[in-house]
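Right, one structure below, let's go through it.
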Amino acid sequence: MARNKIALIGSGMIGGTLAHIAAQKELGDVVLFDIAEGIPEGKGLDIAQSAPVDGYDSRLKGTQDYKDIEGADVCIVTAGVPRKPGMSRDDLVEINLKVMKSVGEGIAKYAPNAFVICITNPLDAMVWALQKFSGLPTNKVVGMAGILDSSRFRMFLAEEFNVSVESVTAFVLGGHGDTMVPSLRYSTVAGVSLPDMVKLGWTTQEKLDAIVDRTRKGGGEIVGLLKTGSAYYAPAASAIQMAESYLKDKKVVVPCAAYLDGEFGVNDRYVGVPIVIGEEGAERILEIEFTEEEKQMFEHSVAAVEDLVEACKKIDPSLA
Ligand code: APR
């Protein structure tokens, strides 16, 4: 059977990490694409030279030619610029929108049947634009954010409770920005919801509020520490989970930026919601019910996404 082909559009910090994990997991052969000459080739060669030691047979190729992504089963897009200290994700709109146009055209031409995972920020607006520019079906274009935000939330919660990260589940919904909605009701320790954990005396509401706040600012905390770029290990791991679920038809249920066509009262926008990822891509949306407070937070978050989409339409009127 032919191997799967995974195209990484953007071979910077996240792209390189994606290549390493995808190859180690033997998810398929990996094509690293970038406009920067030498970077994808160098990273591909370096990772390939670790294969004999680690024992995997994925082939890696670096390129500046979109033709090399031909027939890719999965495309993961990180092309663009990351945040620097003092920048919000939204500051990236103008530059990264142009990048999405060229990437969308490249994917439409050479990999129209791929499952496309966008990571480039500001995520909810960039994945929306990428779907429009590529013209691929909406179920085949998704954005990676919710798994990352939930993973950050899970890590902080596991530290607070001094339990395994595996015993903590969490759902962070809404846009991938400071307005994201970490849900306490739908986050659990071995099935026990966070409000119940407060009742059991394992934590306090104040501590949970502080963890929610840290989760919302989780990306910025890392930007502040790194100073020259943004997070890459956890974003890469999160996108790989999505790619793997698609390639293996695992049907994991995870929060992702998915196309909403009336669900949650939202039309023609990408927002973070729980979805099933399987062989059809984003197969189904889990339309959970919100409390009044959660609804307000979600709507606030959707409004922030709306502002970014409007900004995109102004920059590129072909999107209007
Ligand atoms: N086509 C292909 N690659 C491009 C293009 C383009 N038009 N423009 C820029 N790139 C490449 C850059 O050359 C660089 O190698 O995208 C890569 C981005 O890598 P990094 O700068 O290392 O950024 P990274 O940390 O990987 O983050 C990428 O993901 O989380 C988001 O905010 C983050 O938008 C950023 C993206």
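Cβ coordinates are placed from backbone N, Cα and C, and glycine is handled just like the others.
Just so you know, TrEMBL annotations never went through curation; they're auto-generated.
Among Asn96, Asn139, Asn162, the residue that TrEMBL places alongside Gly10, Ser11, Gly12, Met13, Ile14, Gly15, Asp34, Ile119, Thr120, Asn121 at the NAD(+) binding site is Asn96. Arg83 (substrate binding site) carries neither a helix nor a strand DSSP state and counts as coil. Binding residues for substrate (Arg83, Arg89, Asn121, Arg152) extend across at most 18 Å, taking the greatest CA-CA distance. Secondary structure from DSSP puts Arg89 (substrate binding site) in a helix.
Between the CA atoms of Asn121 (NAD(+) binding site) and Arg89 (substrate binding site) there is a gap of 6 Å.
Here the CA atom of Arg83 (substrate binding site) lies 18 Å from the CA atom of Asp34 (NAD(+) binding site).
When the binding-site residues Ile14, Ile119 are scored by other C-beta atoms within 10 Å, Ile119 scores highest.
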